[in-house]
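Structure record follows, encoded as structure tokens.
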Amino acid sequence: MSIKFLLIFSLLGLLSVAQADLKFGFYVKSCPKAENIVFQYVREHIPHAPSLAAALLRMHFHDCFVRGCDASVLLNSTSKIPAEKTSPPNLSLRGFDFIDKIKSLIEEECPGVVSCADIISLVARDSVLVIGGPFWNVPTGRRDGLISNATEALNNIPAPTFNFTALTKSFANKGLDVTDLFLLSGAHTIGVSHCSSFSNPALQFHWKRRSRSSTGPILCCQLEEKQMQGP
């Protein structure tokens, strides 16, 4: 089985974290142009800002790991509860305006029909596709969540400092296995990493140990140079 299809199955597995009552072509009668509206907007704008593809895929991932794929990551804080988007793992999320624009276009076509949760899922797929990645069919029919809690995001989204054991456990809690972990981690190849992910003491110790190997010094120098240059 090819890596392409394994990636698709892993992403579909992640999508199933949300709701089981999904189907392909959910809006074929209620809003038949919905998926095409999403694709056309993505195809028009992502090539001019290709780094946004990774950001939108990341938003999808962060949304699905908290209460399932319910668009709760889009909600704003209330007077009593800070929302997911204010949680440390989500402070660097981008693409909220992008999702809002697509939502407004679909609302003009079919008011009150298509969920934001489905829009995020479709945008993630189409963004990967237009930058040369694989295509996968996205089941739709999600319902938007009404609860968004920053603490839940902090407790559920895997931290960049997690080791393999912690990551495996985090994914297993969502019904995902090591293959899913490997392939979904590979999605980072279309984006960038923040320097802060490599600058904590534990990772610095790791790279110092690596520097004793034949390839370690070269890799460390390359990382330091990239960090100095910035994204």
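Glycine is no exception: its Cβ is also placed from the backbone N, Cα and C atoms.
Nobody curates TrEMBL annotations by hand; they come from automatic prediction.
Taken from TrEMBL, the feature signal peptide covers 1-20.
Within the model, the domain 'Plant heme peroxidase family profile' (21-231) carries an average pLDDT of 85. The annotation domain 'Plant heme peroxidase family profile' is assigned in TrEMBL to 21-231.
The disulfide bond annotation in TrEMBL covers Cys31-Cys110 (among others). When secondary structure is read from DSSP and collapsed to three states, Cys31 (disulfide bond) falls in the coil class.
Residues or ranges marked as site 'Transition state stabilizer' by TrEMBL: Arg58.
In the three-state DSSP reading, His62 (active site, proton acceptor) counts as helix. Note on His62 (active site, proton acceptor): other Cβ atoms within 10 Å of its Cβ, all shown chains, come to 21. The active site, proton acceptor feature in TrEMBL is assigned to His62.
Look at TrEMBL and you will find Asp63, Val66, Gly68, Asp70, Ser72, Glu84 tagged as Ca(2+) 1 binding site.
The disulfide bond feature in TrEMBL is assigned to Cys64-Cys69 (among others).
Look at TrEMBL and you will find Pro158 tagged as substrate binding site. Just so you know, the Cβ of Pro158 (substrate binding site) picks up 21 other Cβ atoms within 10 Å once every protein chain is counted.
Residues or ranges marked as heme b binding site by TrEMBL: His188.
Under the heading Ca(2+) 2 binding site, TrEMBL lists Thr189.
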So if I measure Cβ to Cβ from Cys110 (disulfide bond) and keep only same-chain residues at least 6 apart in sequence, which ones fall under 8 Å?
Tyr27, Ser30, Cys31, Lys33, Ala34
Asp63, Val66, Gly68, Asp70, Ser72, Glu84 excluded, remaining Cβ within 8 Å of their centroid (Ca(2+) 1):
His62, Cys64, Phe65, Arg67, Cys69, Ala71, Val73, Gly145, Ser148, Ala153
Nearest recorded site to Cys69 (disulfide bond) by CA-CA distance, among recorded positions His62, Glu84, Pro158:
His62
